[in-house]
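J.: Shown below is the structure under consideration.
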Amino acid sequence: MSPPMSPMKPPKGFAPMSCCWSTETMQKWLPFLGWLPDYTWYALKMDFIAGISVGLTVIPQALAYAEVAGLPPQYGLYSAFMGCFVYFFLGTSRDVTLGPTAIMSLLVSFYTFHEPAYAVLLAFLSGCIQLGMGFLRLGLLLDFISCPVIKGFTSAAAIIIGFGQIKNLLGLQHIPRQFFLQVYYTFHNIGETRVGDAVLGLVCMVLLLVLKLMRDHVPPVHPEMPTGVRLSHGLVWTATTARNALVVSFAALVAYSFQVTGYQPFVLTGKTPEGLPDAHIPPFSVTTANGTISFTEMVQGMGAGLVVVPLMGLLESIAVAKSFASQNNYRINSNQELLALGFTNILGSLFSSYPVTGSFGRTAVNAQSGVCTPAGGLMTGALVLLSLDYLTSLFYYIPKSALAAVIIMAVVPLFDTKIVKTLWRVKRLDLLPLCVTFLLCFWEVQYGILAGTLVSVLILLHSVARPKIQVSEGPMLVLQPASGLHFPAIETLREALLSRALETSPPRSVALDCTHICSIDYTVVLGLGELLEDFHKRGATLALIGLQVPVLRVLLSADLKGVLYFCTLEEAEK
C-alpha cells in the first residue's frame, strides 16, 4: 500500500535561533537532538520504506553517474553513502538526500582529467571550502547567482550530459568528451552502432518512461478500498519508485542470458572491485610514469574547479532543501546545510568519494515515500554498503546502454522548456543572462556560469546606477527617485536636477522627495553638497522632503550648508 504523507509536525530542533550554549544551541549544531527524543514507531516505519526506496534508486544512478564523471563505476557507490550518515546528524530537512548527481558528475569530469586521485582531492578541498563558508555564514554569496543563470546552466548541462550518453546508448567507441568534438564524432561514427546496445538502450528508455508515467498517474489509495486493490496499488507504487533498479536488473539479466550462450551483443560495465576501500587521507600527490605530481600542481590543474564545484554544490543542495521545505511547510537552516555538505565531502573523501551534493530526483522519491526524519538516510546508506559487499559481482553484467538510458531519463527534466516563455512575460532583460550562460556552458562550464553571473550583476548595477526618477510639475519642481540612492546613482540625479531646474530660465527651486531612500553613502553626501552649492550660486533652493531617520542622521552629521530638511512628525520624534 502506498505510504501516506507523514502527519508528524516538523521536528522542533530544525531551525533553533538561540545563540547560548544550551540545549537549543546543541540542537542548532546537532539538529537530530531536537527530533530524536520524539521519534515514534510510525516514523521508523515510514523512514524505513523511504530509505529502501531511495536506496534502490541511488545504486543504479551512482553507477551511471560515475560514467558521467569519467571514473570507474565503483566511485559512484563510494560517493553515495557518506552523505546519508552525515545528514542524519547535521541535516535540517527531512527530505534531502546527499550523493552523486548528474550535474556534479559533469563538473567533476571537467576538472579532474578522469583521474580518481584528482576527484577525491577535489571532494576534500570542496568540503573544506563549504565548511568554511558555513562557519563564516557566507551562504549569502549564492544570492548573487540569479535564477536565469541557474536555469541556463542546468539546461545546458542536461544537453551535455544527455548527448554524452549517446555513445554508450549506441555502443560507439573512442568518442572524445569535449562537447563539440563529441557531436562531430558521434555522427561521423554512427555507422559503427552496435544493434544490440541500441535496441536494449531504447527499450530501457521506453520502460523507464512508462514506469514514470504510471507513477505520476497512479490514483491515491483510500482506506475503504478492498485489501486486494490496496495490495496491487502498493506493488505498482514500489515498482515505479524503484524503476531504475528494476530496469537495470532487467538489462543485466538479459546480458547474463546472452553470456551463458557464449554470445554477448552488449558492452558491459565490467568488473567492479568488491567492498569498501580502506579509509585513508586524500592523495596530496600522484605518482605517474613521468614522475610525481605535487599537491600544488594538482591544485593548479583543477584551476577554476576549486570555485565552481563547491559553489555549485552549495547552490544545488540548498535549492533542493528550500524547495521541499517550502512545499512541506517547515524551515531549514541554510548555514547548517552548508556544514552538512562540507562534512560529507570531507569525510567522503576519506573513502574515495568524489564531490556530492543534494539530489533533486532522489529527494523527490524520499518525500513521496512519506519520510518523516533524516533517519531514512541510514537505511539508504546501509543498502549502498551492502551492495558494495555483496552485489559487485552482479554489476559486471550491467550493459552500459542501460546505464545510459537511466542517465538520459534522469536529466531530461533538467531542461526547462518553459523558462524562456516565462521570462518573456515577466522581464525580457533576464533572457540575456539565461542565453549567455546557456551558450557559453557548451564551451566551458565555468565561463558560462561566470559570464551569466556577471551579466546579472551588471543588470542589477544598472538599476542602481540609473534609478527611475518621477518628476512632478507645480509651483516647485518635485523629483522622486523610485529606488534607493547610492554612489553610482548620484551622477544621474545631478543630471536630472541640472537639466530640469538650473539650466532653465529662470532657475527653479526643487524638492527632492526621499521617501524611497532608506540609506545613503559618503559619495552621495558629497554629491548633494555640490548640488547645494550649484543651487545657491543660481539663487534657487534645494529642499529634501520625506526623509527617513537614518538618512536624516547622516545628513545632519555631514553638516551640509544651505539645505532645507523636511520630515514627518513621526520621523522627527524618532
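Cβ from N, Cα, C; glycine included.
So TrEMBL has the following annotated:
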DOMAIN    476-574  domain 'STAS'
TRANSMEM  48-66  transmembrane segment
TRANSMEM  72-90  transmembrane segment
TRANSMEM  119-140  transmembrane segment
TRANSMEM  152-175  transmembrane segment
TRANSMEM  195-214  transmembrane segment
TRANSMEM  235-258  transmembrane segment
TRANSMEM  304-325  transmembrane segment
TRANSMEM  337-356  transmembrane segment
TRANSMEM  394-415  transmembrane segment
TRANSMEM  436-461  transmembrane segment
J.: Against which stretches of its own chain does the transmembrane segment (119-140) lie, if we need a Cβ under 8 Å and a gap of at least six residues from its ends?
T.: 69, 71, 75, 79, 108, 111-112, 282-284, 298-299, 302, 305-306, 309-310, 313-314, 318, 334-339, 341-349, 352-356
J.: Quick check for me: are there 3+ Cβ pairs below 8 Å between the transmembrane segment (195-214) and the transmembrane segment (394-415), leaving out pairs under 6 residues apart?
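T.: In contact, yes.
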J.: Where DSSP helix means H, G or I and strand means E or B, what are the helix, strand and coil counts for the domain 'STAS' (476-574)?
T.: 47 helix, 15 strand, 37 coil
J.: Under 8 Å between C-beta atoms and at least six residues away from its ends: which parts of the chain pack against the transmembrane segment (436-461)?
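T.: For the transmembrane segment (436-461), the sequence-distant neighbours (Cβ-Cβ under 8 Å, at least 6 residues beyond its ends) are 106-107, 110, 144-146, 148-149, 152-153, 155-157, 159-160, 179-180, 304-305, 307-308, 312, 429-430, 488.
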J.: Using a Cβ distance cut-off of under 8 Å, indicate which of 72-90, 152-175, 235-258, 394-415 has the most pairs with the transmembrane segment (337-356).
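T.: Against the transmembrane segment (337-356), the leading stretch is 72-90.
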J.: For the domain 'STAS' (476-574), what's the mean pLDDT in this predicted model?
T.: 80
